[in-house]
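To keep things clear, I will list the structure first and then write my remarks on it.
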Amino acid sequence: MYFAFGSNLLKERLQLANPSATFYSTGRLKDYKLNFGLWKEQCVDSAWHGGVATIEFCPGAEVWGVIWTLDKENLSSLDQEGVSASIYSPLEVSVETDNGTVLCRTYQMNNFHASPPSPQYKQVVCLGAEQNGLPVEYKKRLEAVQTNNYSGPSIL
């Protein structure tokens, strides 16, 4: 099980590298907050032109996301997005769903510095939240995230 909270909320985005990804449930990760940033050595993320989603431990906060099931052979593709370069660390987290708690793999950026996302990245995150029916109040929080106003070419 994989807990997604950023651009991988959007099924079409996740399935580019993980065609076996199947929706399992929405869920809530307690005691973490959503943040946007860049890895310590990056000035700008080359693909998204701004900060990307990560989670930070924060007692009392919560992050909503999607739990996906993936074939075991596709799990390694998640690690290719920066684990070997020490940009991300995999975490095992307990995610609350309507049907109980599910142990999931997720990813946290190492040594990040806060940086606003591009409008394009924010749009993908918000589309994924809408697509999967995350709570209205949480979607409003995502919509309220300030962007860096990047207006050049993008991968969208």
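Every residue gets a Cβ built from N, Cα and C, even glycine.
Whatever TrEMBL says is automated annotation, not expert-curated.
Feature list (source: TrEMBL):
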BINDING   Y2, F3, A4, F5, G6, S7, Y121  substrate binding site
ACT_SITE  E81  active site, proton acceptor
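Taken residue by residue with DSSP, Y121 (substrate binding site) is part of a helix.
Around the Cβ of Y2 (substrate binding site), 22 further Cβ atoms fall within 10 Å across all displayed protein chains.
The maximum pairwise C-alpha distance among Y2, F3, A4, F5, G6, S7, Y121, the residues recorded as binding substrate, is 20 Å. F3 (substrate binding site) carries a strand DSSP state (E or B). For G6 (substrate binding site), applying a Cβ distance below 8 Å and a minimum sequence separation of six or more within one chain yields V52, A53, T54, V125. Least packed by the Cβ count within 10 Å, out of the binding-site residues F3, F5, Y121, is F5.
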